[in-house]
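Contents: one structure, followed by commentary.
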Amino acid sequence: MKTLLLTLVVVTIVCLDLGYTRRCFITPDVRSERCPPGQEVCYTKTWCDGFCGSRGKRVDLGCAATCPTPKKKGIDIICCSKDNCNTFPKWP
């Protein structure tokens, strides 16, 4: 009986995702990946560099523990808290 209970406990632990982590799109590959433990916020950061006029804004996608704050003017950061919510921006 103890063996059966132990087996059920092990199967339950293996089947349940006890350490759920957020999934976000990550650059440069723009693919969905699990975020490291403790990072439950997805973000999209956009900014202009020297090629902004011809190529458009640069984009950085990733995970964070809290929503990052821009360190310079001209950097836009959008945060969200659902799986894969930080899709690559669609430009007009």
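Glycine is no exception: its Cβ is also placed from the backbone N, Cα and C atoms.
Lifted from Swiss-Prot, the feature list:
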SIGNAL    1-21  signal peptide
DISULFID  Cys24-Cys42  disulfide bond
DISULFID  Cys35-Cys63  disulfide bond
DISULFID  Cys48-Cys52  disulfide bond
DISULFID  Cys67-Cys79  disulfide bond
DISULFID  Cys80-Cys85  disulfide bond
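Known features from Swiss-Prot, placed on the structure.
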residue: Cys24; record: disulfide bond; Cβ neighbours (10 Å): 27
residue: Cys35; record: disulfide bond; Cβ neighbours (10 Å): 19
residue: Cys42; record: disulfide bond; Cβ neighbours (10 Å): 27
residue: Cys48; record: disulfide bond; Cβ neighbours (10 Å): 14
residue: Cys52; record: disulfide bond; Cβ neighbours (10 Å): 12
residue: Cys63; record: disulfide bond; Cβ neighbours (10 Å): 21
residue: Cys67; record: disulfide bond; Cβ neighbours (10 Å): 13
residue: Cys79; record: disulfide bond; Cβ neighbours (10 Å): 15
residue: Cys80; record: disulfide bond; Cβ neighbours (10 Å): 16
residue: Cys85; record: disulfide bond; Cβ neighbours (10 Å): 17
Pairwise Cα distance for Cys35 (disulfide bond)/Cys67 (disulfide bond) [Å, integer]: 14
Coarse DSSP state, helix versus strand versus coil, of Cys63 (disulfide bond): strand
In sequence order, the disulfide-bonded residues (Cys24, Cys42, Cys48, Cys63, Cys67) whose C-alpha falls within 10 A of Cys85 (disulfide bond): Cys24, Cys42
Residue pair Cys42 (disulfide bond), Cys48 (disulfide bond) - Cα distance, angstrom, rounded: 21
Residue from Cys24, Cys48, Cys80 whose C-alpha is spatially nearest that of Cys67 (disulfide bond), among the disulfide-bonded residues: Cys80
Distance, Cys63 (disulfide bond) to Cys80 (disulfide bond) (CA atoms, angstrom): 10
Cα distance (Å, whole number) from Cys79 (disulfide bond) to Cys24 (disulfide bond): 11
Cα-nearest neighbour of Cys79 (disulfide bond) within the listed disulfide-bonded residues, Cys48, Cys52, Cys63: Cys63
Whole-number Å value for how far Cys63 (disulfide bond) lies from Cys52 (disulfide bond) (Cα to Cα): 24
Cys63 (disulfide bond) and Cys48 (disulfide bond), distance between Cα atoms, whole Å: 21
